[in-house]
Amino acid sequence: MTATLERRESASLWGRFCNWITSTENRLYIGWFGVLMIPTLLTATSVFIIAFIAAPPVDIDGIREPVSGSLLYGNNIISGAIIPTSAAIGLHFYPIWEAASVDEWLYNGGPYELIVLHFLLGVACYMGREWELSFRLGMRPWIAVAYSAPVAAATAVFLIYPIGQGSFSDGMPLGISGTFNFMIVFQAEHNILMHPFHMLGVAGVFGGSLFSAMHGSLVTSSLIRETTENESANAGYKFGQEEETYNIVAAHGYFGRLIFQYASFNNSRSLHFFLAAWPVVGIWFTALGISTMAFNLNGFNFNQSVVDSQGRVINTWADIINRANLGMEVMHERNAHNFPLDLASIEAPLVNG
């Protein structure tokens, strides 16, 4: 009898725990994805803060030339970064217990792998949590689908690209200047500016900014006034009101006359779908482009593609970009190899005499 009561009590305790985890009445929804999201993001955040402040220099290129990234080792907010795991580690899983000491783990850039892997797990679970909360509330699942774009982009630069290049040392450093360095080196090695998927991403981000500004300004300019002239029109909105807060017909008429009739949406639902889909699809394509360039399927090469009748090269902007790429290639990792791959692979010119 005692055993039966104890079993009921424990089952009830588990049931209460499940109800609390999945309750939509909590101030912040936890969910089953949140059970994994909370510890992984807390771990990534806390290790990032500690390492950004105090991590010792990291031998990123595996040539016994450590690079400093933390504030206590001479950096500021702009130049500081979590330095990627050493090329000597490559793609090996490198937890603390795989190193001979904590000093060795820090020297080889172990914190980078720890932060990145926990961060990617955390943001993936955040996306799952968005879907889970939408499901509990009877909403459609498109919030999580939209969030998949930045998740895909982060996964591309922190995981897929290092896998394709063979080392976590090629991942994006976790800092401002480190991000710029990653972008410059990526351009030098893969010519990303000439990749059509990157072009789609630029159109997605800049277009999304433009459409967001256009939509916000149109709505703000066509509010239905519920206040006197002496009060702000914004004060006329009551949270949860059933009435439309702006006149979509007026906004449609304005924009249709500004551009042309069919450039303006007359359906609020398709308008907002478009506002969400445009940047999301663009960022999906960029993430896909990074993932293909990870395996060296690079941007277009139009170098020396225009020649005159005598066979002399007429330079185009593609040749100017190529010259810049060579300069960036020469300057990065300048002690890791004697010649950049692009230059070392060119046959030596013939010398007469």
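Placed from the backbone N, Cα and C atoms, the Cβ positions cover glycine too.
Per Swiss-Prot, these features apply:
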{"type": "MOD_RES", "residues": "Thr2", "note": "phosphothreonine"}
{"type": "MOD_RES", "residues": "Thr2", "note": "N-acetylthreonine"}
{"type": "TRANSMEM", "residues": "29-46", "note": "transmembrane segment"}
{"type": "TRANSMEM", "residues": "118-133", "note": "transmembrane segment"}
{"type": "TRANSMEM", "residues": "142-156", "note": "transmembrane segment"}
{"type": "SITE", "residues": "Tyr161", "note": "site 'Tyrosine radical intermediate'"}
{"type": "BINDING", "residues": "Asp170, Glu189, His332, Glu333, Asp342, Ala344", "note": "[CaMn4O5] cluster binding site"}
{"type": "TRANSMEM", "residues": "197-218", "note": "transmembrane segment"}
{"type": "BINDING", "residues": "His198", "note": "chlorophyll a PD1 binding site"}
{"type": "TRANSMEM", "residues": "274-288", "note": "transmembrane segment"}
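What Swiss-Prot annotates, mapped onto the structure for a quick look.
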{"residue": "Tyr161", "record": "site 'Tyrosine radical intermediate'", "DSSP class": "helix"}
{"residue": "Asp170", "record": "[CaMn4O5] cluster binding site", "DSSP class": "helix"}
{"residue": "Glu189", "record": "[CaMn4O5] cluster binding site", "DSSP class": "helix"}
{"residue": "His198", "record": "chlorophyll a PD1 binding site", "DSSP class": "helix"}
{"residue": "His332", "record": "[CaMn4O5] cluster binding site", "DSSP class": "coil"}
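Most Cβ pairs under 8 Å with the transmembrane segment (118-133) belong to 29-46, among the candidate stretches 29-46, 142-156, 274-288. Annotated pair Tyr161 (site 'Tyrosine radical intermediate') and Asp170 ([CaMn4O5] cluster binding site), C-alpha to C-alpha distance, rounded: 7 Å. The Cβ neighbour count for Glu189 ([CaMn4O5] cluster binding site), using a 10 Å radius over every protein chain in view, is 20. Local packing around the Cβ, expressed as the count of other Cβ atoms within 10 angstroms, is greatest for Asp170 among the binding-site residues Asp170, Glu333. Within the chain, the transmembrane segment (29-46) has long-range Cβ neighbours (under 8 A, six or more residues past its boundaries) at 20-23, 114-116, 118-119, 121-123, 125-126, 128-129, 131-133, 136. For the binding-site residues His198, His332, the greatest number of Cβ atoms within 10 Å around a candidate Cβ is found at His198.
Between the alpha carbons (Cα) of His332 ([CaMn4O5] cluster binding site) and His198 (chlorophyll a PD1 binding site) lies a span of roughly 22 Å. Within 10 Å of the C-beta of Tyr161 (site 'Tyrosine radical intermediate') we count 22 further C-beta atoms, all protein chains included.
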